[in-house]
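Asker: Let me begin by handing over the structure; questions about it come next.
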């Protein structure tokens, strides 16, 4: 009896929780090892962490302006489509669906499974099959929740964001207390130039940027935000500053309590930290970290389903995925589509190889999206934007992204080549399928699935 469309249910608090919940996830508990390994020393790794935070702030400011200029949901996809055209936007969609998003979700899911089981098997490592089973169970729980209710997904994200900040505080406080007592031995000779390998630095940045990734999440749900012109810039600025401060203090705490060899040898850095500093909380912190990863999974599913929803609405994805459940008002088909690929990557994947695999494609297209901001400004100088950043911000961010992507070919040629091949494989698909009308059999299948899933097309434009 009521109109079917995605409601505006994301307030400023929920937008802030979405960003915090997406950024503070598995990254800060996994990436310290990757950053340290590829930067070579404690000092350079802290520089990389701060530089990644500053770069994330630049990117977040660019996306905040894009979110006030372009009023549709869809994040990277819609920004590339509106500024650079349909071909690069489809290549992003192709790479995002088949490589970037399932690999990212698999990394976070595996971190969830590892930290959830760690207290039960310590001091031994948890069995790999058990980790993968728990990882999949966690992912399926989040998938079900996002199919069921937008409101409850948002409420869960708010609650888990508080838990994430609590988990960081439990790591920061004992580290700062030890540092104040004069335990600075792990910072001796912090900038050891002999251990610095320049061609590995892009991989260090990938690991650091993975920990910060999530600052763009509000752009995926722009049509569901309350007062987006005000709330997008405010939410991204406050959340990114909060995360930068939290991450820097967390890494200093790690290095204060653990030496570089301990961090490099640890499969779960936060657990090793607690074993050394807080033995009484040995079973608590891993669970908090696992819940933090759970929140990141929730935010990822919540936002990427909107990308598929918008792409389907724009005619670059099958029409079924622009449909909404008639009672739940959730984009049910778009939410459910990812589960086979994520299941496969969790079953066969390794965290660090997956991280390098999807980072190439992700940062290539984020760089293209901010390049699109420069192009959009040039093409539409008359367009008034309620939020505008200085030109050097998108220019410098775009150059750094594309330069890092180019340098990564020297750092990890195998995984990067696979990612590049995945992007290029979208060319024939675009020219052979996207411009052609769907067959009657495809329409018949769409209709049957529509009846089965109880979904219909959106009835009211929200942009």
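Placement of Cβ uses the backbone N, Cα and C atoms for every residue, glycine included.
This is the feature table in TrEMBL:
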- 12-30: transmembrane segment (TRANSMEM)
- 42-64: transmembrane segment (TRANSMEM)
- 76-100: transmembrane segment (TRANSMEM)
- 120-142: transmembrane segment (TRANSMEM)
- 162-183: transmembrane segment (TRANSMEM)
- 203-220: transmembrane segment (TRANSMEM)
- 232-250: transmembrane segment (TRANSMEM)
- 281-304: transmembrane segment (TRANSMEM)
- 332-354: transmembrane segment (TRANSMEM)
- 360-377: transmembrane segment (TRANSMEM)
- 389-410: transmembrane segment (TRANSMEM)
- 416-434: transmembrane segment (TRANSMEM)
Asker: For the transmembrane segment (232-250) and the transmembrane segment (360-377), check the count of CB pairs under 8 Å (sequence separation 6 or more) and say whether it reaches 3 or more.
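Answerer: In this chain the transmembrane segment (232-250) does not contact the transmembrane segment (360-377) - fewer than 3 Cβ pairs sit under 8 Å.
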Asker: Would you mind listing the long-range same-chain contacts of the transmembrane segment (281-304), meaning Cβ under 8 Å and 6+ residues beyond its ends?
Answerer: 18, 21-22, 24-26, 29, 75, 96, 101, 104-105, 108-109, 111-113, 115-116, 118-119, 122, 138-139, 142-143, 145-146, 153-154, 156-157, 160-161, 163-164, 166-167, 170-171, 214, 217, 220-221, 268, 270-271, 273-275, 335, 338
Asker: Cβ pairs under 8 Å with the transmembrane segment (76-100): which stretch of 120-142, 203-220, 389-410, 416-434 has the most?
Answerer: 416-434
Asker: In the same chain, which residue numbers or ranges, 6 or more beyond the ends of the transmembrane segment (42-64), come under 8 angstroms Cβ to Cβ?
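Answerer: Residues 32, 35-36, 75, 79, 186-187, 190-192, 196, 201, 204-205, 208-209, 211-213, 215-216, 218-219, 232-233, 236-237, 240-241, 243-244, 247-248, 251-252, 255, 260, 366, 369-370, 373, 387, 389, 393-394, 396-397, 400-401 contact the transmembrane segment (42-64) from elsewhere in the chain.
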Asker: Would you kindly check 12-30, 120-142, 360-377, 389-410, 416-434 and say which stretch has the most C-beta pairs under 8 angstroms to the transmembrane segment (162-183)?
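Answerer: Ranked by Cβ pairs under 8 Å, first place goes to 12-30.
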Asker: Counting Cβ pairs under 8 Å that sit 6 or more residues apart, are there three or more between the transmembrane segment (416-434) and the transmembrane segment (360-377)?
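Answerer: Yes, the stretches contact each other.
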